[in-house]
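Record features, source Swiss-Prot:
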type     : residues                                               : note
ACT_SITE : Cys211                                                 : active site, nucleophile
BINDING  : Arg72, Ile73, Asp93, Lys138, Asn375                    : NAD(+) binding site
BINDING  : Ser210, Cys211, Thr212, Thr241, Thr270, Gly271, Arg293 : D-glyceraldehyde 3-phosphate binding site
COMPBIAS : 31-41                                                  : compositional bias 'Pro residues'
COMPBIAS : 48-57                                                  : compositional bias 'Pro residues'
REGION   : 1-60                                                   : region 'Testis-specific N-terminal extension'
REGION   : 19-59                                                  : region 'Disordered'
SITE     : His238                                                 : site 'Activates thiol group during catalysis'
Amino acid sequence: MSKRDIVLTNVTVVQLLRQPCPEPRVEAEPEPPAQPQPQPEPIKEEVPPPPPPPPAPKKVRELIVGINGFGRIGRLVLRACMEKGVKVVAVNDPFIDLEYMVYMFKYDSTHGRYKGNVEHKKGQLVVDNNEISVFQCKQPKEIPWKSVGSPFVVEATGVYLSLEETKAHIEAGAQRVVICAPSPDAPMFVMGVNEKEYNPSSMKIVSNASCTTNCLAPLAKVIHERFGILEGLMTTVHSYTATQKTVDGPSKKAWRDGRGAHQNIIPASTGAAKAVGKVIPDLKGKLTGMAFRVPTPDVSVVDLTCRLAQPTPYSAIKDAIKAAAKGPMAGILAYTEDEVVSTDFLSDTHSSIFDAKAGIALNDNFVKLISWYDNEYGYSNRVVDLVRYMFSRDK
């Protein structure tokens, strides 16, 4: 070994001796295996209970009408029902067959041809797609009102007027009965005057009074409530009706009633003014009247001459009637200052149309008031209005 190699070896040894002694290597203990973490239980979503079933729909009551008697008023009541959207389910008339009913309803010499569709199908009268059962029973007790749903019955024959006579409709299934004439004992109502007195719990049969009472009573109500009526006389100049003769013939009631309707002005009796006392009790015994039957087919006029409790100028009377016609009696009482004549009121639906220019006053206490009415069409519309009102009051 050379001297140089010895030196290098010694240096290397010295260097090795000077290095720190390495720490003994400690083997790390193995970590214990990770314990599985408990998984949170899944949140159970609460399922809401099913909604309750919807309540059963309330059965909507529907007004249905039956008509007994298909004469002037019966046919016009059907027209009024069609115009007002009232459902007619049956017509009874023993003297008119189905085909003739179609003809009579379609054509009218006074009010013109019916503007809708009229036909018959499968034994029914069909008006504007409304199917109407037709019966030909001679007695009210025979009419099967139950079979068509127990309607409100319009008694339009002019024959059955009393409670005893018309209760047969109820026994046959009618729900209520409205008599299209004054009745000797049935409660009497005039729309716009006393309909609020109707009691559905005790009144199944009522009277719609007469066409003349329907004209006079609204007028008398306005005047009496504002100015007071001490006493009065009424005259109605009335168109001829089906009960009169086209030529002279026999009459049991009064001889001159049998004279030709087209040829004469015929004085006649009327209970219309006295009947006002039944619908306005405060006027009982204060009004009476008479009629002149004249040669016109339709539209009549009332002349009420009365003594007032409160001195009142005629202008104030006009103002009171005009206000009522625009307010609480709209559709029933009307007001005009036009130069009108009877044919201007053909097919007018009002009960009473006050003619402001035709009336006169002797002084502030004594006046003559004039009011027109279509004794057929206006009256028939009030019949339907009374039926609708009664239905609205029934529970």
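Yeah, the Cβs are placed from backbone N, Cα and C, and that goes for glycine too.
Neighbours of Asn375 (NAD(+) binding site), defined as other CB atoms within 10 A of its CB across all chains, total 24. Here the compositional bias 'Pro residues' (48-57) has no long-range neighbours, meaning no same-chain residue at least 6 beyond its ends has a C-beta under 8 angstroms from one of its own.
Across Ser210, Cys211, Thr212, Thr241, Thr270, Gly271, Arg293, which the record gives as binding D-glyceraldehyde 3-phosphate, the greatest C-alpha separation is 16 Å. Close to Lys138 (NAD(+) binding site) in the fold, though at least 6 residues off in sequence, lie Pro94, each with a CB less than 8 Å from its CB. Between the CA atoms of the residue listed as 'active site, nucleophile' and Asn375 (NAD(+) binding site) there is a gap of 5 Å, rounded to the nearest whole number. Proximity note: of the listed recorded positions (Arg72, Ile73, Asp93, His238), none has a CA within 10 Å of the CA of Ser210 (D-glyceraldehyde 3-phosphate binding site). In three-state terms derived from DSSP, Arg293 (D-glyceraldehyde 3-phosphate binding site) belongs to an extended strand segment. The distance from the Cα of Thr270 (D-glyceraldehyde 3-phosphate binding site) to the Cα of Arg72 (NAD(+) binding site) comes to 20 Å.
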